[in-house]
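Feature annotations, courtesy of Swiss-Prot:
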- 11, 12, 117: divalent metal cation binding site (BINDING)
- 5-207: domain 'RNase H type-2' (DOMAIN)
């Protein structure tokens, strides 16, 4: 890996939930500004993630958070929608300017390798890429991407909780908990539920 000038680390958050978008982040870390405590976001407490996320945004050479919508998940399937979110993050195609660092495209264009957590790669990437199983535990850039993707998506789900009260999105973040299942049964699916997911599809009716 040392032969490559810069590495883009990529990870996603939100493949499994019944509701909300799937989010991906791409991060190029600065070797001159190491960040202590980077690991898989799922291994960290919410407090630790919230502490690390601004450090990553501050110290990384470049970063971007992107997503694929519920509609894209239902149209493409969750695997392809995840790949779409990853490609968008790698290319700097965030939903807003606040979701990426300045000059992201300029910096990322100099990267020689893309490291993606998992066992499969999206197609049509701008640089050589490798999939690394449990890469969020072994590659700091992937760990950083994992944290940015997770904290960004969690904040989105908290906002959706205000738009669609009663489902408890700020707590379970759209995952299939008992409380979420009970709310679905009581209220029916709402517009941010993934209709292609079986537990939601079984209850399709206006909310």
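Placed from the backbone N, Cα and C atoms, the Cβ positions cover glycine too.
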What average pLDDT is reported by the model for the domain 'RNase H type-2' (5-207)?
96
For the recorded divalent metal cation site formed by 11, 12, 117, name the remaining residues of the chain with Cβ within 8 Å of the site's Cβ center, in chain order.
10, 13, 24, 25, 86, 116, 118, 135, 136, 142, 145, 146, 149
Which of 11, 12, 117 (the binding-site residues) has the most other Cβ atoms within 10 Å?
11
Please state whether DSSP places residue 117 (divalent metal cation binding site) in a helix, a strand or coil.
strand
